[in-house]
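Asks: To start, I am sharing the structure in question, which I have written as structure tokens.
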């Protein structure tokens, strides 16, 4: 047993006996249970599960798991992975908060321990064994004395339960005499002043050292440690000792010794001890923590401290419920023994409270939390102080984390608790990472086009659910009024991210630089704190103006008992003037006199019990019933001897901090003996009451100080003056002292304040300083007007502030203009001064506000960039983006761009609120926060709604590809059994009798109808093989049906060589069956039934399964169809490559046959012919149309006397022709707009220098009325006379022909040209016999692309150029020049024309349409064009002579009409090189492709035929360019492909009036739908009729695509007409790249080419092409807004009515007869074609792509097979299949395609475009 130790404490007369003594004496522990203390079976706190947060957290966990799964499986880049990691960090810091909400410790509503009566209080002083010994510690440093007074007095006045001793210790670490005087002036042994601790070098936490000094060296100094502790902490024996306080035997400290800590500004409520000691009555509880309330915080007007609501009422209840021990440094009660066992307060970190909680938990102590606000203090509201406070907290947590005291390394803590304590450092770390990362997300999206997520239905669903669940947990509140505070929590966390980042850096720097972090006191009010931090303190001695009355005297040992109804605040001087906030939020001034004990004699005043009068009507009264504790000296009460000290704070808010009180009371002034106001009341501000009231009220925000010097009874204004306070009552001050030179209200009001050290203490009365109190207006009218109670600015120079005075003294001579200017200047200046920051001084001295300003500007600039991007993208149109798909959203543009822009402005809200907070206060900030709260939440929830609107329809290229592989292609294999072949040759189908019928041509593929066409079949096999070779990953595991299709097709092509191995008599089957038998035509005037056409299924067609004769067209050695044979060789070579590893034998057989067939194809190399010269490629059908006619008499002119009707230009012959009849002129106007009324008009237009530079020809070369001319012939050295046909104007025309009206001028031209030399050996002949020829004549023309013209070379200069680069005429040279210009520059490079403009002799060659351009047309606007005299059908038929008649005509319909040869020959050579590696084939491929561009097409084909921009079975030139570009790398192939892809990818970019390209057709192509005026004669009556159409065509195509006129009269206007001459490719409103029909297959094939070619380009170009291809595929699969699927069997809205024979025929079904035998329903036009019902056998064509819209409108009438829009052909699907395979293999999706479209790529990095 330990001997009892007694210690005569200054507070307690004797210390309680130790626990050991109690046990030996049979005494019980003075600390009892709650029931014993209260006498009731009640519990002050209870543990509780919160089921709503549990459900919310469980839901959140499931959703977060789902979200993370979606995010992980849709990652597109390393950047996306980084953002996912950041999101994970954010969730990891959020989850613990959700866990805390699931449990909680809450008060039960107990009223606490009973309050001790007065008798019990007196008995407490004599108790030897109290139940509780409470040591109240109030550590302070340089806090203002007023703050200290309130805290000390509140601790002393708080009620105590019975049997409780209390002692209050003021632990002054600053050693302030004023504080010591104050404590000593109280004259109570229950309050002590401790200072003078020893400061050791390198100390970290001054507060801990201060507390420990008091505990070790003063309060518990008698407990000296003699050995290590071996006893337990709570009655439990421990085997080993644990560390304890050095030199302290903590085991001997009784359990009833309790420590209470209050911060210097924290004032206890009167029931603090009653309620906390009730909890501490439980012996197992060693710490009880209570929350902190702050009277100076108005939630709606504060930015930072709303987080307290979340922390105190939601975080801490859960933390303690989960076993976490938290200590927040103040307002807590802790057992002294437990604290001592932990080594007292930790001093190794600047957050001693955090470390103390962890140490208590480590040692097994229990603690609890009492959620009742039992003390009130002051929180920092000046931003600088907030940043310093939060930085200290964060650094303290990091300091522990990055040390050996890391919770993870603390073996004494349970693992879960280790994580909880790590959370204090983990949460700010996560905020440090997540906030800047999420700030950068919109910037990266807008500027660089990098997006962190993939937009899909799954992602939008997951993100919406996640955000909803996060908000539901984050904004879980028990009171709806707390929602606003929770919103502020998010704002303040964002604002503090830089502070926390800086704290992390400083902690790490200090850690690795071996530099200690030190504790800094937080200044709570503006300007408060230490002197270093700007704390200013002014002391004024107040002299009362009345001398009447004396104060009662008391003994030295007399101590006045302060009741709970009074709040006594002492002053070191004889008078006290506390400032406090009453219920109506106005400050009151009161005076209180105290004794001068322990004060210097020069500061001791005379006392008086009478009220101290400031001025008449304004008094300050002593508290009712109060007796002064100071003895009266009996000295006379003269003014000179009466002194008082008035201490005023720099900030008016600090005055408000003096208030304290009890909840629910209506607080009034101290003078009335009532409680001070609550923080709840302090949020309301009212106007001052009458200035004449007994209590002087001062407005909180309008208090201005003005010192006045008093000498000889007169007042003079001090040099550093301001405004007055009060109604002019002087307060005589005998002394003034200022800590700094700044004024009293300088920081609050922005005015110059009192000068430092005006007068020392105790200065003579003659040098007193008077403080005048003047009424201050509550509101100012800056216009100069005043309302009642207001002053006008400038009304009194004596009382106006210095900054409002006119800098220029006014005089009578001052001009009126200067007066007005000065007044405006002063008011504007006052306005700006009034906008000075309210919560931030010295803005630039801290990095935090500068960082937040930068953050705000960064967000605003980013958002503005996003808006600019959206506006520019919308203005540019859809064609400017590289991906063309329409989102399911009414909002255009990139969804990422829209979201990023909104996100950027959302991120600007927190920094803006901070800037607003520091710049203003009160209602302005409250309103801004209110509206921004609404704005930000609208953005948040609006973004969620918008996200659902931008979800693109999910399309799956893989699924569509699988449909085609398993259905379309296998069902294309024909099962024909008819061997009755008839071999024919030629267009007339001449039978070849020498061939027998032993050939087996079964098998193969059907491409469109029941005919085996060689060209489309070969093309289909080649394209499918190419897709398998290029994108094998897309077919993995499912390629077998496709391989079977390839094998069947290739086997058929091998069998087509019916005379294999014969070089002298090769025979190859071109076609089996006659396509004319199955012809369909989408023309209502075509009746296939009447014309004997067939519509049936392959299984019912007698041509395939019957015994009917089958025509087989044969290619022989005399009829070589080079294009078909080359295409077949390409197909065999490609299939051979596919089976090279799968079936080497079949592969080799196919490749060998390919070489044989190709040898056959190239046997007529010099002049190869198309197979269409020997096989019917077109068919003639009769079409009947209903037309309106009128009898018409044609005037046939038979002589030159007839008057011509018109003159028109024939551009090919460069002459003007004559039209004598109306019909002639109408016909010409329908194909050529250059029709004129007069001969001169026509000739002037044709031979205008701006149009052509050649000499006039034809009738334009001779005078009017002359019908002959002379033509110069240099080779014959003469001129020949030629005739001009007076009826047509033909004659005297020709290329390079010189035409003259007479022989003289003709011969002179020969002499001038040097062709004739009169005196030479070569004289003229004939009419030019007198002329001669120079023997040195020799010249040539050479094209120069760089100069854009042809250079004329003479003599040997021509020999330096080869045959292909030198020309005998300028015309041939210029033609070659145009070809070079076209191939060396892309169309997309200059939408308005060529990059190089032809000049010189080639200046007119640049007009590719052989007619004048738009520019040239403007040069001849003075001519009179001819117009049709009949304008409308109504006018023509007005006489009633019109008839409606049936007009039949023969129409030539193409089947598979091949129009080029050399491209197919190059195609075959390239594939054979791929299959064999023989360079001969590569050479042939390159040579034939070159000939293709010279012979198959001319230099104008790229401009006058949009069909050439389509890759199909008829045009494989582009496909060959792709192969040769890859095989050779030659730039010429890349240049050509640039033209093609530029036209397709950027077609929409020129579809606007700003980029009009002239129409480029050379001549009219017959269009059956183009109704033009024409004559026909009834064979029965002989009457000639004129057909009257609804409109009269002006051109063969839509010439002007923006005039609203149907130029070609085909029923479609402007861009709705596919013949619009703007560009080869246009974009439909739904973003389909639209060319000629079939639109969808053409686009799909080009997209397939793009995917293959993209591998040869840069990353940016490759992505551009891939994404464009994805856009086209998305359209075809129905992924665009308002577009149905065009793929049979894919999607709910897929086509069901398609024009395809096999699928349209009804399947076999039961018969209606009694035998119930199976019967095939015969398929015919009536049962299969015409019914507008869904195809019965759609399964045969699943995965097939229909032709699609044939108009620019995206219209698709899926209602009838009569429309070609629903047609399905095999060759039209192979490109689509390759497209799907490429997208699947390359993993191209919408999310990857939205990357890289930022400002940087568009305006900085622009070199990567196609």
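Just so it is clear, glycine is given a Cβ too, placed from its N, Cα and C backbone atoms.
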Asks: Please identify the range among 364-382, 383-401, 459-477, 478-496 that TrEMBL labels transmembrane segment.
Replies: 459-477
Asks: From the ranges 11-30, 31-50, 51-70, pick the one that TrEMBL records as transmembrane segment.
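Replies: Checking TrEMBL against the ranges 11-30, 31-50, 51-70, the transmembrane segment one is 51-70.
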Asks: For the record in TrEMBL, which of the ranges 499-526, 751-778, 779-806 is the region 'Disordered' one?
Replies: 779-806
Asks: Among 51-70, 420-447, 459-477, 891-915, 927-951, point out the range having the most Cβ pairs under 8 angstroms from the transmembrane segment (850-871).
Replies: 891-915
Asks: Same chain, outside the transmembrane segment (891-915) by at least 6, Cβ under 8 Å from its Cβ: which residues?
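Replies: Contacts with the transmembrane segment (891-915): 303, 383, 438-439, 441-443, 445-446, 451, 455, 490-492, 494-495, 849, 852-853, 855-856, 859-860, 862-863, 866-867, 869-870, 873-874, 881, 925, 928-929, 932, 935-936, 939-940, 942-943, 946-947, 949-950, 1794, 1797.
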Asks: Which bits of the chain, at least 6 residues beyond where the transmembrane segment (51-70) starts or stops, bring a Cβ under 8 A of a Cβ in it?
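Replies: Same-chain residues near the transmembrane segment (51-70) but 6 or more away: 84, 88, 91, 95, 98-99, 101-102, 456, 458-459, 462-463, 465-466, 469-470, 472-473, 476.
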Asks: Could you please provide the mean pLDDT value for the domain 'Glycoside hydrolase family 9' (1453-1780)?
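Replies: Across the domain 'Glycoside hydrolase family 9' (1453-1780), the average pLDDT comes out at 80.
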